[in-house]
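J.: I grabbed these lines from TrEMBL:
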{"type": "COMPBIAS", "residues": "72-81", "note": "compositional bias 'Polar residues'"}
{"type": "DOMAIN", "residues": "191-332", "note": "domain 'Peptidase S54 rhomboid'"}
{"type": "REGION", "residues": "47-81", "note": "region 'Disordered'"}
{"type": "TRANSMEM", "residues": "109-127", "note": "transmembrane segment"}
{"type": "TRANSMEM", "residues": "147-166", "note": "transmembrane segment"}
{"type": "TRANSMEM", "residues": "178-196", "note": "transmembrane segment"}
{"type": "TRANSMEM", "residues": "202-220", "note": "transmembrane segment"}
{"type": "TRANSMEM", "residues": "227-248", "note": "transmembrane segment"}
{"type": "TRANSMEM", "residues": "254-273", "note": "transmembrane segment"}
{"type": "TRANSMEM", "residues": "316-332", "note": "transmembrane segment"}
C-alpha cells in the first residue's frame, strides 16, 4: 500500500490479483482549494460486458474545472500613488520628452549668442548714458547708492528663490522657462534669468554675501551705471559660457542657475582695481590675504575643477565671469585715463590761449 499526501486529498491505491480499487478521501484543510468529487467504487472484469449485455454502464464523472483562486490583494494597485508635490512638479514641466531633441549645436547656441550680444550692448549703453538722479528723486536718499543698488539685487534674488518654494504649476513653468539655463531645451532669456535664480537657501546666501562684500565697495568706485552694466554682462557671459560648454560636451541632463557668475565678475573687477587690499575671513580672522593672491588662488581652483571634470560646481561659468570682470575693469580704467588725458589737454589749451 502506497500513501500519497496532498493538501487536497489523501489517495489510497489497493492492488490485488483480481481487482483494483481506487478510493479518494477529501482532506480537512480550510483553504480555498477546488476539490474533485469523490468517485464511486467500481470493479472491472474482462467478461463483464458479455455477462451483462443489457447493463448500462454508469456515466463517467465529469472532469472538474479548476478556477484560479482569487487574491484580494491583486485588485489593489501595486505602485504607490504619487504625492501631491510630485503631481504639481509634473504639471510644471515644459516638455514630456524622454530624450533631448535632435538639434544641432548651431540651433542650440545661435539664439543665446545673439541674446548675449544684445545684453552686453544694452549694458554698455546703460553704463555710458546713466547719470546720477537728484537727491530728492531717490527712494532712499539717506542711504548711499551702493547700498541701495546691492540691496535691490539681493531682494530680486530672494524673490525668485521664494517663487521656487511656492507649489504652483503656473509659476514653475514660468521659472523653468525663463530662470534656468538648460542645454537640452535652451531659452535665450534664461541666460539672464538664471543669474537671479536660486533653489537652495545656502546657494543664495553665499552668492549674496559675496556680492555685498565686494559689490558695495566696487559700486562706490565705478558708479551705479558701470556697476549694473558689469553685473548684468558678467552674468550673461558666464551663463553663455556654461551653456556652450555643456552643449559641446553633450551634457543635456544638467541645468545651471545662480548669481555666482555675476558675483565672480564683481570679484574680478574689484581685485583688478584694488589688488593690494587685504581680505580677512570670518572663520580665519587672523589670516589677511591680499585680493590679487586670493583671486589667483580662486582662478587656479576653478581651472583645476574644469580639468578634473567636477560635476556639481559650474567652474566654466565662474572662470568666465571672473575673466569678464577683469576685462571690464581694465576697459573702465583705460576709459577713465583717456578722459583725464583729454581733460588735461583741454585745460592746457585753454591756459595757452589765456596767456596769449
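Residue positions begin at 1 at the first shown residue.
Even glycines carry a Cβ here, placed using N, Cα and C.
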J.: So, by DSSP, how many helix, strand and coil residues make up the domain 'Peptidase S54 rhomboid' (191-332)?
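T.: DSSP composition of the domain 'Peptidase S54 rhomboid' (191-332): 103 helix, 7 strand, 32 coil.
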J.: Give, as a single whole number between 0 and 100, the mean pLDDT over the domain 'Peptidase S54 rhomboid' (191-332).
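T.: The average pLDDT of the model in the domain 'Peptidase S54 rhomboid' (191-332) works out to 93.
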